[in-house]
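Student: The structure that follows is given in the form of structure tokens.
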Amino acid sequence: MIHFLSLMLFETYFLKSILQLKRWYSSCEGFRLFCVTFHCVVCSSALLEDDVDLEALVNDMNSSLESLYSTCSGHHLPQTGLRRSQPMHILAVRRLQEEEQQLRTSSLPAIPNPFPELCSPASSPVLSPGSLPPGEIVKIFSEDGIGKVVEIPADMTARDLCQLLVYKSHCVDDNSWALVEHHPLLGLERCLEDHELVVQVQASMTSDSRFLFRKNYAKYEFFRSPLTFFPEHMVAWCQETNHTIPPSQLLKNFLATSSCPEIQGYLYVKDFGRKSWKKVYMFLRRSGIYCSTKGTSKEPRHLQLLADLEDSNIFTVITGKKQHGAPTDYGFCIKPSKGRGELKELRMLCAEDEQGRTCWMTAFRLFKYGIVLYQNYKIPQQRKTLLSHFSAPVRSVSENSLVAMDFSGRIGRVIDNPVEAQSAAMEEGHAWRKRSHRMNILGSHSPLHHSSLSSVIHIAQLWFHGRITREESHRIIHQQGQVDGLFLLRVSQSNPKAFVLTLCHHQKIKHFQILPCEEDGQVFFSLDDGATKFTDLIQLVEFYQLNRGVLPCKLKHPCTVVAL
């Protein structure tokens, strides 16, 4: 009996201690379970005595626990007795992983939108992790055949992708880069317009087709010199007005939707399913391209529709003679936009010369897109004007902005007289030679001798293409636009010590040999049989970028090949 009383006193003291420590427990249910466990331990200890009234002990402990639980939680236990613990259902592993993933996603911080002005008023300026658009995989190839995989959004245009590739490749952004749709099996290619969606174009391409990243200086050159691209004998309404339409009005008539300009001339047409070509008189209008079944007649009963402009794209044929048996090298093709790319769906055409092919293809683009092309042409100029207010303008030799200057006085002046500019260049050349001769006498600090340095300093320049053939230089000039002043330098095949300047003028490619000449024991380079000498090729190129000299035009646009 004394042992039982001691045990009850210990229980009372322990319960008071627990009441003092109840603030340590945040869950009253856990506190209740602890008390029940302690009750069971006490009861099991009391059962060891034979003279213990078990029923009275249980009733006494129930009343104590009920009062204790009501004190902690403010609720009374039910009168039916203790609530026994029940087995807990264990969640499946997959359900637990899903809940954990949801918890991790919901706990991610919101990504601030760096361009809130692009959001609509109803959209939020904060991008949630689940609202990011899925990307599309596009593979781009450079001129050397190396491909690069890029993930782009579904609404990225060709201009935006070119900007991305320019920044990733560390190129000079002069708004002359283009994305080319290339079909090697068909021998076709075309430059995508700046507003076209890359993902949509890729969806219509076959498995063997690819995108190329290259220069195209002639993409908007017709806005600068329209008469070069549209000869008067090919524009019908120029002949009707006795050749009095100015170039500005010529472009306005092409861009306007009310007027209907017309391109006319002879073209070779390949029949479907045959290898033969037939020369017919063609008309290109806004509604489509037509051929005359009776000479040069324009009567509607004599016109036959060959292709519609709305659902078609125009391509350059790069293997016309070899693959399609074309009569000339100036072939182009009209291909349906949603076609499967089979030969029977292609309308093969061929012009007499390069100027004729350029006129037909440029007019096709203007008739199909109209004012959108002019907006694409103006966007880079507006962006450049906007950036000029915040940063210093960067000089670009591709914009014909270089002029001859005279810094002999206190203030520099522009030399307008070409004779004076040539004499100033010759004097500067003599100064260069004296300076280089003095360096040779005193000894150069460079690890390379001056003569060896002048023979290799041009290798790193973008316009130097090394040992390529004459045909390869023609191909590069053709691909990059055939505009006036487009040039490259290469090693001569006939004379290993000489170089060749390949230049495009009036859509014709010309070659000029650069010969080495020796004077006072030093080697120079000259284009005009020694009349003007230069210590290296870089000085030669810089001189002819400022002065035309013996060339038909100045050097403006270097042919550039960049590896991605």
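Every residue, even glycine, has its Cβ placed from backbone N, Cα and C.
These figures come from a predicted structure and were not determined experimentally.
Quick paste of what TrEMBL says about this protein:
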- 134-218: domain 'Ras-associating' (DOMAIN)
- 260-369: domain 'PH' (DOMAIN)
- 463-559: domain 'SH2' (DOMAIN)
- 1-17: signal peptide (SIGNAL)
Student: Over the span of the domain 'Ras-associating' (134-218), how high is the average pLDDT in this prediction?
Tutor: 89
Student: When DSSP states are grouped into helix, strand and coil, how many residues of the domain 'SH2' (463-559) land in each?
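Tutor: The counts are 20 helix, 34 strand, 43 coil.
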Student: Provide the three-state DSSP residue tally for the domain 'PH' (260-369): helix first, then strand, then coil.
Tutor: 27 helix, 43 strand, 40 coil
Student: Helix, strand, coil: count each for the residues of the domain 'Ras-associating' (134-218), based on DSSP.
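Tutor: Taking the domain 'Ras-associating' (134-218) as a whole: 18 helix, 33 strand, 34 coil.
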